[in-house]
Amino acid sequence: MGAALLPDLGTEILIPVCAIIGIAFALFQWLLVSKVKLSAARDASPNAAAKNGYNDYLIEEEEGINDHNVVIKCAEIQSAISEGATSFLFTEYKYVGIFMVAFAVLIFLFLGSVKGFSTSNQPCTYDETKTCKPALATALFSTISFLLGGITSLVSGFLGMKIATYANARTTLEARKGVGKAFITAFRSGAVMGFLLAANGLLVLYIAINLFKIYYGDDWEGLFEAITGYGLGGSSMALFGRVGGGIYTKAADVGADLVGKVERNIPEDDPRNPAVIADNVGDNVGDIAGMGSDLFGSYAESSCAALVVASISSFGVNHEFTAMLYPLIVSSVGIIVCLLTTLFATDFFEIKAVKEIEPALKKQLIISTALMTIGIAIVSWIALPSSFTIFNFGIQKDVKNWQLFLCVAVGLWAGLIIGFVTEYYTSNAYSPVQDVADSCRTGAATNVIFGLALGYKSVIIPIFAIAISIFVSFSFAAMYGIAVAALGMLSTIATGLAIDAYGPISDNAGGIAEMAGMSHRIRERTDALDAAGNTTAAIGKGFAIGSAALVSLALFGAFVSRAAITTVDVLTPKVFIGLLVGAMLPYWFSAMTMKSVGSAALKMVEEVRRQFNTIPGLMEGTAKPDYATCVKISTDASIKEMIPPGALVMLTPLIVGIFFGVETLSGVLAGSLVSGVQIAISASNTGGAWDNAKKYIEAGASDHARSLGPKGSDCHKAAVIGDTIGDPLKDTSGPSLNILIKLMAVESLVFAPFFATHGGLLFKI
């Protein structure tokens, strides 16, 4: 078998050091962003160097409107957005906190009752000859790790939102000096979030494992079973963040677009629109806080799935600490790789023109994937024995270290392929989106038909990519292979999140430029940043969905092993009814979230109309709208409406497991995975394509786009309607579905001992 080249002490130093470097790098980037001052003082010295192809003069000087009011206005708008986002998140966290405590009690009671709350040691599940710690200990430690995961998830989302609202106005002000400056500010702020999240997730998990080890000692099976609670905590918070934030942002967005752009013919983000502040707040609570929690959840779960399977393989049986923590070492190296990659965007190359923005973001993905492949090869060589065995449904499978390297690499490259396919279908630089824009000539109906067709078609290649990576990684290393393939896809999470967070920050920057009355040339620059951001957001969602598919399959494998099911036979009625019900769940969930957005948007539209009709001088710009009422409508709706979809996802595994048993539950998990992935990809891409088709017409950058008309033309109005339909698809239902499939799987895994002992009541009658 042979031991790993890297000694245990090396692992104990490497993981925390990489995490601390990640946090330090994030703080350093934040320091650089904070140098852009939000005060009316002149910040350009007369002899400023011509960085990014521009001298540091401001555009407004040419146009004679460089007054201090612009800067002061930007600062005011930024603080309004920041306050709105903070107050919403605090309200949301109050409700989520109550849920978290209640669910923690449930975990303790259910898992404690497996052996009737006995405190005596028990024979191990997989090796009856050894004794393991009591089930009560697993119950207690699972509860602690659930709370740890939940809190880390909430903190990740909150920090991301704080950084985004800090950076949005600074990006607007930098846009006065050129598009390159604005890009760097937005990208650096995204990097702060990416690195903080990746490093915090890794550090907390590593510390938890070491603290739990003090009690568990040599009982690694029990230790890593208890750690799975960390993934459950992370994902359950992400579900509420994603759904709540998604409903908030889209209610405001749909309300603002329908009344403002279609009925009143005023531009997007016009300060006269009462829903405009709520709309900009929504970008931060949905796309930033929600996305942060979501990807943290994926990361935590793929680590937990890999650790659970490893703990009953030769790594765990022989207590090989370095090999056991292979998933964490991969993530540690990922932080260093992403750090180098980020420097390519901010320091090594300069962006001088608008058309260089999207290629620069794509290069980030390619560079990080290429470097990470080398990183994984080195890690697999030094952290793994040359050959070892992996637990595979009751038998141990022989695996070589190069095979495990291939598993991680397959996941990593599948992620890149999914990213690029998503980009092809959602970027207005390619024919699919241009065809959708062209279909607006004949009205909204054809636009909707083309958009839906595009979404369905965009599922094909990602599904093949996921299928191939599953086949390759399972053939080499069984379920452990799939778990590390998911980790491979998420190993460049810091770069992925930086690219993702960049989008909403640019979107906000454009909104602030419009509201502060800055010149149209600045708005053109922020629009260019935003259009690139839209595509990168779609790429981020592609990554999240692809990794969710692999993660939930790995968790499914761990669940099946833990619940002592040898085979899942589709031909047995117990399993087949589970498959049918599982495949239906994503539709039920999507229906709930779409309807929530619709009803909240209805209230918003009525309020915006009421203000336009009853506040004298609002259209003329002499009176100020009542922004606070719109913010309140979004907040109340999202808090109220996030509970039913959340309950559906959290209660389904419990009800199925208790009443129908583990076999039916395995069917439900498989069914929801298979149908959820398809709907999630098509919903996200359809919405992204409609949004960018609208932006394509608005930008008028080509002859074709100009022939479709300026803003306000019939073509443009048809595009706005498509965009409005796509909003809840791409920002609420689509991205929440990947949490549904992961969360049900990780919850089933945590409760597996209880279901295996006490489950299936209806079949016992």
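Counting begins at 1 with the first residue displayed.
Glycine is treated like the rest: Cβ placed from N, Cα and C.
Under the heading transmembrane segment, TrEMBL lists 13-33 (among others).
Annotated transmembrane segment per TrEMBL: 95-114 (among others), in sequence order.
Within its own chain, the transmembrane segment (134-161) has Cβ neighbours under 8 Å at 85-86, 89, 93, 96, 100, 103-105, 107-112, 114-115, 117-122, 193, 196-197, 200-201, 204, 208, 212, 215-216, 222-223, 225-238, 241, 284-285, 288-293, 296-297, 300, 501, 750, 753, counting only residues six or more beyond its boundaries. Among the features that TrEMBL reports, transmembrane segment is placed at 134-161 (among others).
The transmembrane segment annotation in TrEMBL covers 182-209 (among others).
The transmembrane segment feature in TrEMBL is assigned to 324-345 (among others).
Through the fold, the transmembrane segment (365-383) approaches residues 4-6, 11, 322-323, 325-326, 329-330, 333-334, 336-338, 340-341, 344, 401-402, 404-405, 408-409, 412-413, 415-416, 419-420, 488, 491-492, 495-496, 499, 539 of its own chain, all at least 6 residues removed from its boundaries and within a Cβ separation under 8 Å. The feature transmembrane segment is assigned by TrEMBL to 365-383 (among others).
Residues 326, 330, 362, 365-366, 369, 372-373, 376-377, 380-381, 384, 432-433, 454-455, 457-458, 461-462, 465-466, 468-469, 472-473, 476-477, 480-482, 484-492, 534-535, 538-539, 541-543, 545-547, 550, 684-685, 688-689, 692 of the same chain lie 6+ residues outside the transmembrane segment (403-426) yet bring a C-beta within less than 8 angstroms of a C-beta in it. Under the heading transmembrane segment, TrEMBL lists 403-426 (among others).
Sequence annotations record features per position, and here TrEMBL assigns transmembrane segment to 447-472 (among others).
Per TrEMBL, transmembrane segment is recorded for 478-499 (among others). Using a Cβ-Cβ cut-off under 8 Å and counting only residues 6 or more beyond its ends in the same chain, the transmembrane segment (478-499) has close neighbours at 22, 187, 190-191, 193-195, 197-199, 291-292, 295, 298-299, 302-303, 305-306, 309-310, 313, 326-327, 330-331, 333-335, 337-339, 341-342, 361, 364-365, 368-369, 372, 375-376, 390-393, 397, 399, 403-404, 407-412, 414-415, 469-470, 472, 536, 539-540, 543, 546-547, 550-551, 553-554, 557-558, 561.
Outside the transmembrane segment (543-565) by six or more residues, the chain places 125, 225, 228, 231, 291, 294-295, 298, 301-302, 304-306, 308-309, 312, 391, 393, 411, 414-415, 418-419, 462, 465-466, 469-470, 478-480, 482-483, 485-486, 489-490, 496, 662-663, 666, 669-670, 673, 677, 680-681, 684, 734-735, 737-739, 741-742, 744-746, 748-749, 752-753, 755-756 with a CB less than 8 A from a CB of the stretch. Here TrEMBL flags 543-565 (among others) as transmembrane segment.
Cβ atoms under 8 Å from those of the transmembrane segment (571-589) belong to residues 645, 648-649, 652, 656, 660-661, 663-676, 679-680, 733, 736-737, 740-741, 744, 763 of the same chain, restricted to positions at least 6 beyond its ends. As annotated by TrEMBL, transmembrane segment applies to 571-589 (among others).
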I need to check the long-range neighbours of the transmembrane segment (95-114): which residues 6 or more away from its ends have a CB within less than 8 Å of a CB in the stretch?
135-136, 138-140, 142-143, 146-147, 150, 154, 229, 232-233, 236-237, 240-241, 639, 643, 646, 650, 750-751, 753-754, 757-758
